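J.: If you look up TrEMBL, you'll see B:24-48, B:69-91, B:103-129, B:136-157, B:193-218, B:230-254, B:301-324, B:336-355, B:387-406 marked as transmembrane segment. Positions annotated as region 'Disordered' by TrEMBL: B:415-446. Annotation comment: TrEMBL describes B:418-429 as compositional bias 'Basic and acidic residues'.
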Amino acid sequence: METLAIVLLGFFVAGYFVLGGADIGTGMMLPYLGRDEAERRIVIASFAPFFLGNEVWLVATAGVLIGCFPELEGELLSGQFVVVVPLLIGWVVRDSGLWLRGRAPGGSSVWRALCDGAVVCGSWAVALSWGRLLTALFSGSPGTPAPGPAAVLTALAVAACFAVHGLGFAAVRLTGAPYERARQLMGRTRPAQSLALTAVLMAALPLLAGRLLPLYESAADGATLALLVPVVLVITPLLVAVQAWLWRTFRHRVTGPSYL
Amino acid sequence: MADLLTGASGSVSAETLDLARLQFALTAGGHFLFVTLTLGLATIVACVQTRATISGRPLQARMVRFWGQLYVINYAVGIVTGIVMEFQFGLSWSGLTHDVGNVLGASLAVETIVAFFVESTFLGLWIFGWNRFGKWVHLALIWVVTLTAYLSAYWILVANGFLNHPVGHRMEDGRAVLDDVGALLTNPSALLAFGHILAGSLLTAGFFMAGVSAYHLFRRTPEWEFFGRSLRIGVFVSLPALVVTAGFGGVQLASLADLQPMKSAVFQQKTAEIAQLQTDLAARFGPGNYVPSEAWTRGGALVMLIAFALMMYLCVAGTVLGCFRKVVFRFRLWHVVLMASVPLPYLAMISGWVFREAGRQPWVVYGVLRTRDAVSEVSPTAMRTSLIAFTTLFVLLAVVNARLLWRHARRGPVESGLGHDERAARDDRTDGDEPGPADPLPATRY
């Protein structure tokens, strides 16, 4: 049961890094990809239908963590308090920017610039916080935030992974000038290849970082796992199917703005 | 304050505890208020969309787009506060995950994976899939969103019900172990609250809908037919919703004598009983203060009951008045009253929540774990900084949310994004630009 719970945790966290990482990365590159308001709106439209479905992978990860490894969840989050709080704030700021961007009646350009700024800053804050959190996990001290210049460097490297992943996603989804800009940075690599490569890298990041966590030792009681793990195992293929439907529905490159 | 310091976990300062409690109260309370409207409005939008799909009438399809837009704006703020809340259990209350994580964590896990995951994915499909699916598929999407939102509320209340009335577990080495799943899932403290909150959220949405519609009828905007119908939906939903809410509330209040006698005694100001319970609890759990704050507990309950009484008069009168066509369109004093009473259900919901949560103090898990023993070992500075950051952010979001709701509500059913047919805009590009914000909202073309 413990092994199955660990597999589920790994599945959801890898799913978040691959899918959520793509829209976070594109959000980070928003000022580069979209030079004016209309272009930025198109760039946002490239991940608009997915971002809500992407971020729930992290919510689900937190759910598996608190359900199957409650003690670890408490220790990890309270130990990493100063890293997780900026991550959450970045997340909230970014989501607010996305949700509210198109909702100002009358179309005030100051409002949209403000929201674009929130999306960019929020995306960077989330990526950098993940970098710092993963550094602490890599160094084998999940209970304390990673200190020193090494942490800064690793955090920047992880954020760069997010950005490159987002760039690949943008190249696969966009058309016109933003597409050309995404291609420019990628050199001669084919967008699909680059995206596949960064996807593997993104999935590997949290899995490698998490291998040092004391998961077996901190698993929930057998009775809880016996209830929870089968339920999650049964529902997961359904969730994947629904997400696949979502991706299939909006699989075409974006050519115009969306609701956001 | 002095008794807070004498707890078992002496290492955590009283300041951290107070700040952590304030932070959780603001996050959970704020989230609760947004979700209240979301849950009720989703139900009404789903029902209106069902009628629109069956009848094919343009007016009803436009109602789906207008009320759906307000629903989505409100949803956005609800979801971000909810995300922060989910992480706060581990951030600020690691004692909770340590001692009762086996039970509490399971219900939260099921909520996120079985309910919220599906809800978010389908909401994305509903918002962005307008004009892309057949009308029946699009209708099914909103119903999945609504029903999984209910499921979400149920699982959260299983978790909250366990905090208020822990059942289905046994203690092993000071930690709770899941013992009886059936008892946990049918916890009266969860089921009664579930019924109470579902009906309460419908009541909130009913008052909201009636208030917004009354504004347009009062101002005599051209959309009189649109808002006449909406006002009637709001008013006619409110009375049954209020009766059901009050019913579940009454049963909950009666069950308190068994489940949480101290809360019941404080609410009824039975001094002798309070003293007796305090002595009993001190003998059972060791010295300490087991009486919750009377101001919050009794105050919360009284405000809730007053708001309920006011709403009762309004709902009964509204149901009668709503039957007369002329009254709906012309009784301007009633329109003013309806506009002014939009905050009433919110007031009742939040004060009822204060009564429930403040009244079980000093326990975070009633009779099992004290609040002060559950707080994480975080420095007061870190806790204060995060409190200030989250509070500023949430206050800002609440203000923006209120302003956006107000501006969209005031403009009425005009082109505002949700359900906008992008293909139409591209086809018509020859004869000019994108539809302007002042163009009347067309019905969805399926």
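Backbone N, Cα and C define each Cβ position, glycine as well.
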J.: In terms of Cβ proximity under 8 Å, which residues at least six beyond the ends of the transmembrane segment (B:69-91) contact it?
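T.: Residues 23-24, 27-28, 30-31, 34-35, 37-38, 41-42, 45, 97, 104, 108, 112, 120, 123, 127, 212, 376, 378, 386, 390, 394, 397-398, 400-401, 404-405, 408-409, 416-418.
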J.: Taking a Cβ cut-off under 8 Å, which residues six or more beyond the ends of the transmembrane segment (B:301-324) line up next to it in the same chain?
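T.: Long-range Cβ neighbours of the transmembrane segment (B:301-324): 203, 207, 210, 231-232, 235-236, 238-239, 242, 246, 249, 267, 331, 334, 337-338, 341, 344-345, 347-348, 351-352, 355, 359.
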J.: Quickly jot the same-chain residues contacting the transmembrane segment (B:24-48) by Cβ under 8 Å, restricted to those at least six beyond its ends, or write none.
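T.: For the transmembrane segment (B:24-48), the sequence-distant neighbours (Cβ-Cβ under 8 Å, at least 6 residues beyond its ends) are 60, 63-64, 67-68, 70-71, 74-75, 77-78, 81-82, 84-85, 88, 92-93, 139, 142-143, 145-146, 149-150, 153, 197-198, 200-206, 208-209, 233, 237, 241, 345-346, 349-350, 353-354, 357, 387, 390-391, 394, 398, 401.
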J.: Against the transmembrane segment (B:230-254), which of these stretches has the most C-beta pairs under 8 Å: B:193-218, B:336-355, B:387-406?
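T.: Between the candidates B:193-218, B:336-355, B:387-406, the best contact partner of the transmembrane segment (B:230-254) is B:193-218.
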J.: Mind checking which residues reach the transmembrane segment (B:336-355)? Cβ under 8 Å, same chain, six or more beyond either end.
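T.: Here the qualifying positions are 29, 32-33, 36, 196-197, 200, 203-204, 207-208, 210-215, 218, 231, 235, 249, 263, 267, 296-297, 299-301, 303-304, 307-308, 310-311, 314, 318.
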